[in-house]
Amino acid sequence: MNPQANLIFIASLLLGTTITISSNHWIMAWTGLEINTLAILPLISKSHHPRSIEAATKYFLTQAAASALVLFSSMTNAWHTGQWDITQLTHPTSCLILTSAIAMKLGLVPFHFWFPEVLQGSPLTTGLILSTAMKLPPMTLLYMTSSSLNPTLLTILAILSAALGGWMGLNQTQIRKILAFSSISHLGWMSIILIYNPKLTLLNFYLYAVMTTTVFLTLNTTKVLKLSTLLTAWTKAPSLNTMLLLTLLSLAGLPPLTGFLPKWLIIQELTKQDMAPAATLISLLSLLSLFFYLRLAYCTTITLPPHTTNHMKQWRTNKPTSTAIAILTTVSVMLLPASPMILTIV
């Protein structure tokens, strides 16, 4: 893609995200979401492969439907209350429609079907943007309207997302699809705590974004897209693969890594809110996703490829690891001791 065009699309993404995050009026928030959708479409379809075009079409149709629902929800609320302010969403029907719209934007169950397909059809760098930056505007809308949303509905969506995200990722061999189901499962954790402690939702999102960015950038460096190529990639950059192992375990939420922090705080908060059954259920469901993280981690470093078949080992690269990956990996793995400081900031 032309570098100037690429720059315009990235700038538009930043503009759309900034407009949505900083707006108080529903129309401005909707405008930002639309700019975002239109800016990411060329980045998804830039390889001109039929799969990419299909992914871009699916993404456009889903996001257009979700944006229409956002507009419909805000208009219904304005009709009944005379308020266009995002924080003044008080009408129950509007809250219900908005929850569905944002669930569709984010890829929460039962509106999750588009996300694995779109991620599979996109390049790794675009997949990274879809998994992290594109989820920030809808998350901020949820954050701003959290006081008026329906807790029962959000809890049901969260538990279903954690269940299906873990369950459907079990038999995948394509790494981008595994990361898509991982994202759905993490979104379940974020939405279950949204009503009770919205700041924890944002903390979870930030840490998830850091860990996912690390995984995507590492995979982009080693040029790995499926499990079979991951098996032989350890010869290419052994130290990088070792750090990928730790980052994947952190994504799974194992102590003493960074990923354990949000899960620990969410379980603690749910228990304080007399929701111990929900906390137990979502903790058990995270074991499903732990299985495919462990399988990815196993393929990354621990297993040796079978010696019975002829396979080509990859040449070790002399290229140094980028500073961004080094910093992100450190944050993804070693942030747990700094949790008291993080909690004072949050």
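Counting begins at 1 with the first residue displayed.
Backbone N, Cα and C atoms are what each Cβ position is placed from, and that goes for glycine too.
A TrEMBL annotation is a machine prediction, not a hand-curated record.
Non-local neighbours of the transmembrane segment (5-21) in the same chain are 28-29, 31-40, 42-43, 129, 133-134, 136-137, 140-141; each lies 6+ residues outside the stretch with a CB under 8 Å from one of its CB atoms. Residues or ranges marked as transmembrane segment by TrEMBL: 5-21 (among others).
Taken from TrEMBL, the feature domain 'NADH:quinone oxidoreductase/Mrp antiporter transmembrane' covers 23-288.
Here the transmembrane segment (56-76) has long-range neighbours at 26-27, 29-30, 33-34, 37, 40-41, 44-45, 84, 89, 91, 93-95, 97-98, 100-102, 104-105, 111, 114, 117-118, 121, 141, meaning same-chain residues at least 6 beyond its ends whose C-beta is under 8 angstroms from one of its own. Taken from TrEMBL, the feature transmembrane segment covers 56-76 (among others).
The transmembrane segment annotation in TrEMBL covers 96-115 (among others). Only residues 6 or more beyond the boundaries of the transmembrane segment (96-115), in the same chain, are considered here, and those with a CB under 8 A from a CB of the stretch are 33, 58-59, 62-63, 65-67, 69-70, 72-74, 76, 89, 135, 138-139, 141-142, 145, 149-150, 153-154, 157-158, 160-161, 163-165, 180, 183-184, 187-188, 191.
TrEMBL lists 152-171 (among others) with the feature transmembrane segment. If one looks beyond the transmembrane segment (152-171) by at least 6 residues along the same chain, the residues whose Cβ comes under 8 Å of a Cβ in the stretch are 96, 99, 103, 108-110, 112, 116, 177-178, 181-192, 194-195, 275, 278, 281-282, 285-292.
Positions annotated as transmembrane segment by TrEMBL: 178-196 (among others).
The transmembrane segment annotation in TrEMBL covers 202-219 (among others).
Look at TrEMBL and you will find 240-261 (among others) tagged as transmembrane segment.
Within the chain carrying the transmembrane segment (281-304), a Cβ under 8 angstroms from the stretch's Cβ atoms is held by residues 158-159, 162-163, 165-167, 169-170, 172, 175, 178, 181-182, 185, 188-189, 192, 227, 230-231, 233-234, 238, 241-242, 244-245, 248-249, 251-254, 263, 267, 270, all 6 or more beyond its ends. Residues annotated as transmembrane segment in TrEMBL: 281-304 (among others).
As annotated by TrEMBL, domain 'NADH dehydrogenase subunit 2 C-terminal' applies to 290-343.
Residues 203, 207, 210-211, 213-214, 217-218, 221, 240, 243, 246-247, 250-251, 255-261, 265 of the same chain lie 6 or more positions beyond the ends of the transmembrane segment (325-345) yet place their CB under 8 Å from a CB of it. Per TrEMBL, transmembrane segment is recorded for 325-345 (among others).
Nonlocal intrachain contacts for the transmembrane segment (240-261), taken as residues 6+ away from its ends with a CB within less than 8 angstroms of a stretch CB, comprise 182, 203, 207-208, 210-212, 214-215, 218-219, 221-222, 233-234, 286, 289-290, 293-294, 296-297, 300-302, 321, 325, 329, 331-336, 339, 342.
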